[in-house]
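According to TrEMBL, the transmembrane segment annotation covers 46-72, 84-109, 129-152, 164-185, 205-237, 258-280, 300-320.
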Amino acid sequence: MGDLFSNCTDHYPIEKYFQNCTNTSRPCELIHDFAVVAQLLTILDFYITCTLFLLALIINIYFLWICVPLYWKMSYETRKRYVFVISRCVSSISAALTLLILRCILYVYFPPETSSYWLYVIVIVADNISFYSLQGSYIGMAILLYIGVIHPVYFSRRLILRKIYILAVSNVILAILISVPLGAFQTATYIPGPIQCESQHCAPVVGLINFIIVSLAFSATILILLFVFICLSFHIHQSKKLGSYTSSQTLHHARIRLGWTLTAIIVISLAEGIPSSFLIGLKADSVLNTCNNFYQADRLVQITVFTSIDSIIWANVLILDPLASIIFDRNIMNKVTHHINRSQVYYAKFLESVSSNDSKNLPE
């Protein structure tokens, strides 16, 4: 063992990377914290989150596979309500895929210290686009619900499908305009490239700007969803007073779906905001095994825990969101039920054929 850690009770294989990090009076505490960081990254940020994002990817692909054929069979009026549903699903697939690539492929097989700047830029920008377009899809769904309930005449007569398409495309374009410069600087904080952004001065500023943009995006999404939720609740109350049972029941299901979305966004904003606040002012290096990171290992433990929890929450929301859409949408639920029933028939036929073959092979 090296002299720096010779008096430590516990020893770790990673000690060899920090033998020259002598500018500390508590090397044993720091090496223990650093070992915890490495273990958390392996268990939480790799195995658990990769499994969850893979599951989210499969579920959202299945949901899109159901939605698209149904969409083309819907009436003109009904299609208006499903444009942002499909947009949300595409953004969810992109988010799950990019996060899966980032954690399971790039970090493992192409670590930042040996990889191309542009390789990481493409994935990080794509991930940012997914994030902002997903929030925009939530806002679009809420606004269409508000117009359809509060201003039904305008929704049916003046809000044509082409306007909704334009709104959905504008959502993606806005997400791209935000994501490209932000993703380029985010990548530059830990990979050398055309943009120079050192960890001591530039990286904390980029972290602060990212925190402000994400906070504004979440705040706008929550306020709009909350406004629509309150308006919808008031309209349901008025429908019940007028004795419109069918109308109030339909709106009640829409309110439950909107309430789930609002709750999910609030939870995600807290999970995203807490680690982002810890990252403000952090002067960490892109390569993990440096003395600069070693000296702040105790802070890295907190950041790793919160960022891992954020990833797990994101993955669970991406899983539960299409499931909630299936539960609260009768058309999609009927299609899923049909698939389940058909798979049960196929499974029964398979068991029957296996049983028949076994009986033929029995000795007479």
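Using N, Cα and C of the backbone, Cβ positions are placed for all residues, glycine too.
Within the same chain, the transmembrane segment (129-152) stays apart from the transmembrane segment (300-320): fewer than three Cβ pairs sit under 8 Å, each pair at least 6 residues apart.
Counting Cβ pairs under 8 Å to the transmembrane segment (300-320), the top-ranked stretch among 46-72, 84-109, 164-185 is 46-72.
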